[in-house]
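Written below as structure tokens is the structure these notes are about.
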């Protein structure tokens, strides 16, 4: 809501603008515990203290201050963004994994963090990309793009965490992106072309881990119904693997080793990563064989894998299907992608935890307010309720007597409260 200045330099706002702001606030209050996009990004962090003392956090909201670090080689937490860089040119970078707040370290030269001044010279485990300069995608353009009247939708890679325009993700057509009839995404995670080369082993898994036009679920067989993985074509030649099929050995091992109920969820997903998460527990213990045998049943290092990397759209629960044998665990570690096995790494889990934290805080606040009111005597309670009713009546009377386009001034507000005082004196 943009406020204007009157002739005396006093900040004013029109009645229509004020009413619009009230409607927006009431809309938010009327739908608890729904969260705004900003609430989800912040993950329940209210920005009270610097997160540096928490070390390299699995995931948190990160900002880049171009005023202090124009070269884009540093990131700051929510609290430092609010307390240390107020008035600076700051970029919101959504969330980053395994990141520690840089505010005030050597990259900021003489600038010192107000909240946590005693920091290491550098956070050596932090990773930075061109997002910290305000640039995105393979086209290296800013977002929003000042050269475009209508901003294009972007998708986030769950590995490098960069954002890509749909037309720049190396697909033949944007129509290849798995969507439902309403255009909503049907995938949980997206892996860009460059990152897919790092995890080419994913092509050895059944096609069910990849999202298609109709959302598949990376399901598992149960001991009760003996269900099998769907969408696994039969092998064409014994022992042969390509990027679309897996051998009978792979299929049989997957079915034999997965002993938990399959999980499904009809909730929608947002672009990039899911904004919703199923509530099932991790299947990691059931997927890996107790003897450490690889569930793929083959030496994937020697297997035939398509050398041409392609962007991947992955279906729901795909992380749960990944093998956790000793050999695969070592491979994830060598490639520095062990986070793919961590359910809490995903945006879905991050947003789920954010919702839970927000709900708990709202319940705590509402409980404190209710306790305060209940501890009042009957007379005090009636005084408060009557005062609220009187103010509503007076404000409605004021709105009905003036031009809606008129600006509300301090004099108007003072007059409203003066009228209230006069009415209470007459009672």
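In case you wondered, yes, glycine gets a Cβ from its N, Cα and C as well.
Record note: among 196-219, 220-243, 244-267, 220-243 is the stretch given as region 'Disordered' by TrEMBL. Residues 340-371 are the range that TrEMBL records as coiled coil, among 308-339, 340-371. The helix, strand and coil residue counts that DSSP assigns across the domain 'UBR-type' (48-118) are 13 helix, 20 strand, 38 coil.
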